[in-house]
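Copied from Swiss-Prot, the annotated features are:
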{"type": "ACT_SITE", "residues": "239", "note": "active site"}
{"type": "ACT_SITE", "residues": "273", "note": "active site"}
{"type": "BINDING", "residues": "216, 217, 218, 219, 220, 221", "note": "NAD(+) binding site"}
């Protein structure tokens with residue numbers, strides 16, 4: 001059975017979905033997507049379940065979410081292996097992802113009490129109310145952790161949720177849904193709707209949906225924004241990636257700097273929203289030495305299948321089709337005059353395994369300002385730090401920016417001048433924390449950061465003035481007279 005609608009597992013009635021191993025081509029999951037009628041039924045059930053769920057005491061909602069975290073812990077081996085098989089990521093990475101899912105529960109609880117506490121000051125009070133029915137669109141790069149970062153705070157706030165995972169990671173979503181059911185969620189509170197574009201379109205068009213929480217490409221995010229134009233009553237939270245820059249400024253430990261660059265560019269085969277896409281290196285002998293060392297170390301990165309032993313640092317990208325697009329972007333930069341520092345290889349066209357590629361594009365004209373979601377690192381040389389900041393900000397995106405440098409004053413300047421939601425110093429760009437907001441500006445989002453700030457878009461504030469005493473004020477406003485006909489009464 002493909003979908004979980006109103007507590008029942010059902011076969012789909014929509015388009016056929018087949019998920020294969022990114023490397024071997026083995027079929028891992030198959031079914032049919034949710035039809036428009038099934039999406040409508042799920043929305044209706046969620047709307048019906050919402051009043052009781054929203055009124056349920058917070059402590060009871062918390063207990064269910066904490067039970068889910070305990071079930072994640074118990075089932076971590078099965079879930080981490082499913083993520084690895086679907087995404088191609090090595091085991092060590094997917095085990096870390098499941099741990100992040102577990103940690104998200106306690107973090108979301110703390111965030112709720114910090115971001116959305118009930119406040120009373122005299123006759124004034126503030127409390128927070130859930131939106132209603134929220135649609136969560138999950139990405140494929142972190143198919144467990146990233147949807148979890150929307151679902152957990154949404155449920156804690158008292159919302160009902162319609163979860164549409166990526167069609168490239170249906171198995172992970174199915175396992176997570178079964179764990180939620182075992183945790184004791186009331187019927188109708190959380191629904192799983194598998195499928196591709198048709199299912200997603202049907203979900204967005206549902207009038208019962210009060211908000212959409214999305215993580216994915218800028219193209220899809222912009223499409224969602226256009227579709228919801230003229231509907232300001234609906235919450236829309238978009239996280240859309242970036243063309244992120246990492247600046248290298250005279251590091252005093254070249255190997256440490258190289259390690260940060262590799263972690264920033266090639267972890268998860270370059271399939272993290274905050275991965276470095278552009279590496280900015282000062283012109284001169286020191287910059288040349290850094291790049292030579294980077295290319296030499298990156299050439300030794302072990303690339304392999306999710307279950308290879310010894311474990312690889314980098315697995316495959318999500319599909320052979322994705323590998324083809326990434327490799328085409330690599331070739332396009334060579335054709336445009338880029339200088340290859342480390343050649344990207346695609347050994348088997350039927351496989352999604354790529355090796356890291358590094359190319360100097362300093363002299364390439366009209367370089368596309370796009371997020372290449374894979375292990376392709378573009379080097380740009382700069383003259384001075386002012387030039388470096390100009391290059392870093394020369395993008396329509398604004399998710400992440402980083403600096404490798406021993407000079408604190410350079411980082412202080414970057415904090416003021418960088419146009420990015422995440423700005424790191426001597427840390428990988430991919431080192432985001434759930435205890436901080438996660439999001440960007442420009443084409444990277446719509447000012448609805450997730451992680452620690454997810455509670456903000458899962459509930460709306462209600463302000464109240466209240467008094468138990470009903471009486472006239474001691475002093476009336478000018479022009480009012482309550483003495484008229486008083487004696488006659």
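Including glycine, each Cβ sits where the backbone N, Cα and C put it.
Here the structure is a predicted model, which means the values were calculated and not measured.
Features recorded in Swiss-Prot, as mapped to the structure shown.
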residue : record              : CB count, 10 Å
216     : NAD(+) binding site : 20
217     : NAD(+) binding site : 16
218     : NAD(+) binding site : 20
219     : NAD(+) binding site : 11
220     : NAD(+) binding site : 17
221     : NAD(+) binding site : 22
239     : active site         : 27
273     : active site         : 31
Would you kindly give the Cα-Cα distance separating residue 239 (active site) and residue 217 (NAD(+) binding site), rounded to the nearest Å? 8
Reading the DSSP string in three states, the entry for residue 221 (NAD(+) binding site) is helix
Inter-residue C-alpha distance, residue 220 (NAD(+) binding site) and residue 273 (active site) (nearest angstrom): 14
Can you see whether DSSP assigns residue 239 (active site) to helix, strand or coil? strand
Compute the centroid of the Cβ atoms of 216, 217, 218, 219, 220, 221, then list the same-chain residues not in that set whose Cβ lies within 8 Å of it, in sequence order, for the NAD(+) site. 214, 222, 223, 240, 241
In DSSP terms, helix, strand or coil for residue 216 (NAD(+) binding site)? coil
